[in-house]
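Engineer: Okay, handing you the structure first.
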């Protein structure tokens, strides 16, 4: 029923894996076996406003009570796991937490606006972890490159992002008032991603809390690094094959952007130290490589590395040595260093 959760699919994405498995399993149990407890997970806004049942903002916005919503949101979380790989679990969880809190406020606001403008009283909204899922469409639209895969009837292009948008449209049309949750999520995603509002500096997961979850939950939901991706065959279904092709295209686009940055820096006279970055970082103990690295250090000045950027790379799961090496070789460009480390 749900997407594959193998090591290849959810490697370096323990939070995405937990969001994919735990809420989905609870949703199935509540729907099939424990229907009498569904009332505790209803997103009842009337009870929140009149009876001050604030706990419903937590329980009602965590577990989906509709299996169609569960299925679509699980597929979307699986597709959005790329952001946890790129930015690290702490930054990804901070985005989800901030958008989860902001979307709750926007839900209450939009319900009041609808009642005031149209006289429609909305007592409850669709339950589930839907606000942050819709919020993830904002970075997906802004940062994921668009690449055409095929065409329908020779006129309508199909890109690597089309399936995700179709899933989002399917989720929006699954209920009568789910559009309110969708709009709240999109606005919360834009607010959190805005560099002007600085919401990400206020609504973030503290480092001490991130370390606790890293020690306790990450070993449970982490996936082993694939030993050899070349040996992994295509998926058994058409959907899995399409997803794997899209992942391959994303990786190719990322590497093409990496090469484009190289050409730009060459034109600007700020050449990246490619002789140091191209050899795999895992083989730095090779004697020949050490000699080449020393000669390059003598020939070119070493870029000053920001400790803040080193810490951000270490939060993504990379070692300090790898983070320093990648930042120095990329002239302290965090995006370039991150893209390279993710590909090696």
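Every residue, even glycine, has its Cβ placed from backbone N, Cα and C.
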Engineer: Pick from 163-187, 188-212, 213-237: which range does TrEMBL record as transmembrane segment?
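Structural biologist: Of 163-187, 188-212, 213-237, TrEMBL gives transmembrane segment for 163-187.
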Engineer: State the residue range annotated as transmembrane segment by TrEMBL; the candidates are 116-142, 251-277, 278-304.
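Structural biologist: Based on what TrEMBL states, transmembrane segment spans 116-142.
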Engineer: According to TrEMBL, transmembrane segment applies to one of these ranges: 92-110, 320-338. Which one is it?
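Structural biologist: Among 92-110, 320-338, the range TrEMBL annotates as transmembrane segment is 92-110.
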Engineer: Between the stretches 15-34, 116-142, 163-187, which wins on the count of C-beta pairs under 8 angstroms to the transmembrane segment (92-110)?
Structural biologist: 116-142
Engineer: Please give the average pLDDT for the domain 'UBA' (304-344) in this predicted model.
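Structural biologist: Mean model confidence (pLDDT) across the domain 'UBA' (304-344) is 74.
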Engineer: State the non-local partners of the transmembrane segment (15-34) in its own chain: residues 6+ outside its ends, Cβ under 8 Å from one of its Cβ atoms.
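Structural biologist: Hits for the transmembrane segment (15-34): 2-3, 5, 41, 62-65, 67, 70, 74, 77-78, 80-81, 84, 89, 92-93, 96, 128-129, 217, 220-223.
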Engineer: Could you tell me how many residues in the domain 'UBA' (304-344) are helical, how many are strand and how many are coil under DSSP?
Structural biologist: 29 helix, 0 strand, 12 coil
Engineer: State the non-local partners of the transmembrane segment (116-142) in its own chain: residues 6+ outside its ends, Cβ under 8 Å from one of its Cβ atoms.
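Structural biologist: For the transmembrane segment (116-142), the far contacts come to 19, 23, 27, 41-46, 60-66, 69-70, 73, 76-77, 80, 83, 95-96, 99-100, 102-104, 107, 161, 164, 168, 171, 174-175, 177-178, 180-182, 184-186, 188-190, 192-193.
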